[in-house]
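A.B. asks: Submitted below is the structure of interest, expressed as structure tokens.
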Amino acid sequence: MKISCLICLVIVLTIIHLSQANDYCKIKCSSGVHTVCQYGESTKPSKNCAGKLIKSVGPTEEEKKLIVEEHNRFRQKVAKGLETRGNPGPQPAASNMNNLVWNDELAKIAQVWASQCQILVHDKCRNTEKYQVGQNIAYAGSSNHFPSVTKLIQLWENEVKDFNYNTGITNKNFGKVGHYTQMVWGNTKEVGCGSLKYVEKNMQIHYLICNYGPAGNYLGQPIYTKK
């Protein structure tokens, strides 16, 4: 009887797990199949990671905290009108800049994609039932240490030097400013990130993918409401 119940429990848990994965298959994107539908929920590095000596999968609890803190530090700097850089600068103050909070579902989807080792490539569909989801990717390496998550996020922040608030996002400038504009998109509320740290060709690489809900970077829309 105990064995039968144990088997039943395993079957039920398996069905629940499969149904969760199948839910993502119901989420449709015009650009393609959802990441979790295509690859499942495993965050184990895929065969595409061959040749990379994986040291860690996913951000630590401390790194999660730092990711949220760095996003909000920079968002509030911009919101208060203290960001002097730009093309031209300074950036105007904002009246609708939310403080971001961590979202585990966004992080899970980001980690599934990061673990495919499709380096610096965006996945085709990462939405949730709640959100259209935006994405930023960063990659940096050093010969003697893994670059910090803060350093990676600052790569996105530094794109502000090329941004003109009055022009906004265009097809022409998106490649230069799109990470910055997603970082400070006023209506975005939540962030969740996946990461890999690995050694390749004697370099210590830190690869970071952050998903944002709701997404930003809509052409023709201001990145935030100017105060």
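A Cβ is built for glycine as well, from the same backbone N, Cα and C atoms used for every other residue.
So Swiss-Prot lists these for the protein:
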- 1-21: signal peptide (SIGNAL)
- C25-C37: disulfide bond (DISULFID)
- C29-C125: disulfide bond (DISULFID)
- C49-C117: disulfide bond (DISULFID)
- 69-212: domain 'SCP' (DOMAIN)
- C193-C210: disulfide bond (DISULFID)
A.B. asks: Between C-alpha atoms, which of these disulfide-bonded residues comes nearest to C210 (disulfide bond): C25, C49, C117?
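C.D. replies: Considering only the listed disulfide-bonded residues, the nearest one is C117.
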A.B. asks: Under DSSP, the domain 'SCP' (69-212) has how many residues in helix, strand and coil?
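C.D. replies: In the domain 'SCP' (69-212), the DSSP-based counts are 46 helix, 33 strand, 65 coil.
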A.B. asks: In whole Å, how far does the CA atom of C49 (disulfide bond) lie from that of C37 (disulfide bond)?
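C.D. replies: Cα-Cα distance, C49 (disulfide bond) to C37 (disulfide bond): 20 Å.
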A.B. asks: Can you work out the mean pLDDT of the predicted model over the domain 'SCP' (69-212)?
C.D. replies: 98
A.B. asks: Tell me the Cβ neighbour count for C117 (disulfide bond), meaning other Cβ atoms within 10 Å of its Cβ, over all protein chains shown.
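C.D. replies: Step by step: centre on the Cβ of C117 (disulfide bond), count other Cβ atoms within 10 Å, giving 19.
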A.B. asks: Can you tell me the CA-to-CA distance separating C193 (disulfide bond) and C117 (disulfide bond), as a whole number of Å?
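C.D. replies: Cα-Cα distance, C193 (disulfide bond) to C117 (disulfide bond): 15 Å.
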A.B. asks: What is the separation, in Å, between the Cα atoms of C29 (disulfide bond) and C117 (disulfide bond)?
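C.D. replies: It is 22 Å, counting Cα to Cα.
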A.B. asks: Taking only the Cα atoms, work out how far C125 (disulfide bond) lies from C37 (disulfide bond), in Å, as a whole number.
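C.D. replies: Cα-Cα distance, C125 (disulfide bond) to C37 (disulfide bond): 10 Å.
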A.B. asks: Let's check the environment of C210 (disulfide bond): how many other CB atoms sit within 10 Å of its CB?
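C.D. replies: The answer is 28 other Cβ atoms.
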